[in-house]
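Enquirer: Input: one structure, supplied below.
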């Protein structure tokens, strides 16, 4: 009995260095990485790329020392536990492992690099958004280091919320016409409103908002800690209030995707009231901004698409009161302890909602195509010329040889490849030279080929699936699921770049690391129980 207690104490102590290293890294990413400027917006892509790379290299050094210390404190039980824990070495489970797909993804990028004409550019990514092989290598090493074992302190989310609120404040001030800190003074007039907060352009800012918003929704739903719930409510409202300022539809795509997946998880874990509460806070933020924007006459530049709806206080008022009624009705049923409340949250509800959503989507598509609305008319001008670059990306891919079909043209090669065949088109139609396909799948297809696409999708899907299967209501894992889903959804219309893309990889690694840590604890305690 005494030996068992001693081993349990050793088991708990040996992981502390790993936890400390991981949380130092997360603190760095939640503060310095999100706020640091070098030459304001003019070199923000390069600045954030190296900010992430250097920070991650420092973390890798720390985590290496932490694992050495952990190894020195190993015992027979922990070794037994770790053998079972390294499930990605089991051939029977290998193709379901995120670690397997991460390795394949790195290999696909390396092979693509070998076939690139300009290997320096393919390594650094300097011809695109700095996501060359060097960055992919850093992503994958970080993924293994964080994904093996992780624990997140409550303080990290609180700090992230405070920093995000500062970022949102800057974006809101800029939206209402104040040049915060004179950051935009040297930008040409027709591009001043494009650059937002400490993030970069409005698309990237919108991407960050939907990631943080989704994380906050997950924590509000699944956290039991009252302090976390309070901060998540504040963070969610602040993010919702700021959404319209980004003037970019990618934020709505990401937010919608996260709310959908969290709805299914909330129903599964009988937390539909918490989900409805999050929806109400979201609606409150939207409604408040629609009123504030009208009173203060915020920037109308680039205010189009879904942002026009979010800016309509009548529509947002209806949305707010509808969310309030839904929340009140569900809360009433739960408070009354009506048995219907538990029965209501079932697979049947999921099937009904899925079927209704599918039918609704078909109806919207039919009406949309018949109406001839610009959202349903795919041409070069669709989505502010996303239709153009998507079309030229596919055509450029089709012009490649067999090697290019399988392994692409090389990392961050969009500018060179598309310019080779469609330079004049870029100059005359969108009147700009693209260095990104503005769609993560098409970007992977052109740069790393069909092998790269398969590896990337396998990596993302296996990561999300693993987290869902092993979440066990853990708010940190749920937050990573929501944030990762939001990023991936918005990346269908937004370019990858070293500002929010690294956050995506960290979220996947962190969610898996936390889930694996909890799973390892169960295995360990099961092993110690048998020994007793």
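Indices start at 1 and increase along the chain as displayed.
Cβ atoms are placed via backbone N, Cα and C, with glycine included.
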Enquirer: Taking 315-333, 372-390 as the choices, which stretch does TrEMBL tie to transmembrane segment?
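Expert: It is 315-333 that TrEMBL describes as transmembrane segment.
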Enquirer: When TrEMBL marks a stretch as transmembrane segment, which of 194-220, 410-436 is it?
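Expert: In TrEMBL, the transmembrane segment feature sits at 194-220.
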Enquirer: Labelled transmembrane segment by TrEMBL, one stretch among 76-96, 349-369. Can you tell me which?
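Expert: Going through 76-96, 349-369 one by one, TrEMBL flags 349-369 as transmembrane segment.
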Enquirer: Give the range, chosen from 175-193, 251-269, that TrEMBL lists as transmembrane segment.
Expert: 251-269
Enquirer: With contact taken as 3 or more Cβ pairs under 8 angstroms (pairs 6 or more apart in sequence), are the transmembrane segment (349-369) and the transmembrane segment (499-516) in contact?
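Expert: Checked: the transmembrane segment (349-369) vs the transmembrane segment (499-516), no contact.
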Enquirer: Any chance the transmembrane segment (194-220) and the transmembrane segment (49-69) have 3 or more Cβ pairs under 8 A, given the pairs are 6 or more apart in sequence?
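Expert: By the criterion, they do not touch.
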Enquirer: By Cβ distance under 8 Å, which residues at least 6 away from the ends of the transmembrane segment (499-516) in the same chain are close to it?
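Expert: Hits for the transmembrane segment (499-516): 22, 26, 29, 44-45, 48, 52, 85, 98, 131, 139, 142-152, 199-200, 204, 207-208, 211, 460, 463-464, 466-467, 470-472, 474, 476-477, 479-481, 483-484, 487-488, 491.
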Enquirer: Give me the stretch from 128-148, 154-173, 251-269, 315-333, 445-468 with the greatest number of Cβ pairs under 8 Å to the transmembrane segment (16-37).
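Expert: So the stretch in question is 154-173.
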